[in-house]
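Student: Reproduced below are the annotations present in TrEMBL:
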| type | residues | note |
| --- | --- | --- |
| BINDING | R80, R124, I125, G126, T127 | phosphate binding site |
| BINDING | Q203, R205 | substrate binding site |
| DOMAIN | 40-251 | domain 'Nucleoside phosphorylase' |
| TRANSMEM | 253-275 | transmembrane segment |
Amino acid sequence: RENFIHLCNPHLEKMKEDILYHFALGTGTHDFPTLFGDVKFVCVGGSPSRMKAFIAYIAEELGLGSPGCDYPNICAGTDRYAMYKVGPVLSVSHGMGIPSISIMLHELIKLLYHAKCSDITIIRIGTSGGIGLEPGSVVITRQSVDATFKPQLEQVVLGKTVIRSTNLDEQLAKELMQCSKEIGQFNTVIGNTMCTLDFYEGQGRLDGAICLYDEKEKLQYLKNAYESGVRNIEMESSVFAAMCNLSGACISVPLFVSLLLLCFFFFFFLIGIHLPHDVLVEYQQRPQKLVGYFIKKSLGKV
C-alpha cells in the first residue's frame with residue numbers, strides 16, 4: 001500500500017477551505033492533485049535564488065528542461081517563500097531559522113496532503129558551519145541535536161513544554177552516502193548536526209554585537225560538540241526533522257530525514273578559514289550534485 005501524508009490536526013477536516021497563506025495557495029482556488037499530485041521529491045533550502053538554481057539543475061539532469069529555460073515561481077503571489085516544480089521534483093525556499101522553516105513546513109505538509117502525494121522524500125539542501133572537517137565536505141545528518149547536544153526539539157505549546165524527536169532516516173542516509181561514493185568527487189560524512197536558535201552567540205561566534213565569553217570558552221564548547229558527534233552547525237534542522245517525523249508514513253528524511261540534511265561549509269569554526277567566493281560557489285554545487293544523482297538513481301536514470 002502506498003504511504004500517504006498524515007496530518008496531526010483533526011480540525012482541518014472541519015474546514016471548507018484550507019488557505020496556505022504564506023504560499024498564496026488554497027484548496028478553494030487551486031487544484032492541488034493536478035498541480036502537485038506527481039511529486040515524489042521535495043528539496044528545501046533557505047534562499048529563493050538557490051532553490052531556483054536547483055530546479056534548473058535538476059530539470060537538465062532529468063532531461064526535462066534546457067539551458068536558460070525559466071521556471072515560474074508558483075508562490076509569486078507572496079514574497080515570503082518561493083516554490084518551483086519540474087516533473088516529480090518540488091523545490092521550495094524556507095528562509096532562515098526555526099520560525100521561518102516551521103511556517104513553511106506546516107503549509108508544505110498540508111500541500112502534499114491535499115495533493116494526495118505518496119512515498120515522498122524530503123531533503124534539505126543547506127549551508128552550515130563545519131567542525132573538524134576538510135573544506136568543501138558534505139554532511140549527511142544522522143541526528144539533529146540542540147545546543148546541549150540532545151537529539152530533540154523543545155517547543156512551548158499552550159504554555160507547556162513539548163519535546164519532539166529529531167532522528168532521521170538511517171537507510172536514506174546510507175543511500176546518499178553510497179551515491180557520494182559513486183560520484184567520487186568530494187568528501188562526504190554522516191554525522192550529527194547541531195541546530196541553534198541564532199547565528200552569533202548560539203554558534204559561539206566572537207563577532208556579534210553581544211559576546212560575553214572568550215575565545216578559549218568558545219573553542220572548548222566546539223570541541224565538546226565535536227566529541228559528542230556534531231560535525232556541523234546551522235539553524236533549521238531540528239524542526240525540520242521533528243515535523244517530518246510527525247507527518248507520518250509517507251515522508252523519508254535523513255537529517256533532515258525522515259529528514260536528510262546536506263550541508264556544505266562556508267565557515268570552519270575550529271580553524272577559522274574564510275574562502276574565496278568562487279571556491280564557495282563550487283562547494284555550494286556539491287550537495288546539489290549529490291541530491292541530483294540520488295533523484296536520478298531513484299528514478300532509474302543513472
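Using N, Cα and C of the backbone, Cβ positions are placed for all residues, glycine too.
Keep in mind that what you see is a predicted model, and the values were worked out from it rather than measured.
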Student: Between all pairs in R80, R124, I125, G126, T127 (listed as phosphate binders), what's the biggest Cα distance, rounded to the nearest Å?
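Tutor: Binding-site diameter by Cα atoms for phosphate: 20 Å.
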Student: Please report the Cα separation of T127 (phosphate binding site) and Q203 (substrate binding site) in Å, rounded to an integer.
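Tutor: Checking the Cα atoms of T127 (phosphate binding site) and Q203 (substrate binding site) gives a distance of 14 Å.
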Student: Mind giving me a neighbour count for Q203 (substrate binding site)? Other Cβ atoms within 10 Å of its Cβ, every protein chain shown.
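Tutor: The answer is 22.
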Student: Provide the number of Cβ atoms within 10 Å of the Cβ of R205 (substrate binding site), excluding the reference atom itself.
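Tutor: Its Cβ has 15 other Cβ atoms within 10 Å.
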Student: Express the distance between the Cα positions of G126 (phosphate binding site) and R205 (substrate binding site) as a whole number of Å.
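Tutor: Just about 19 Å between their Cα atoms.
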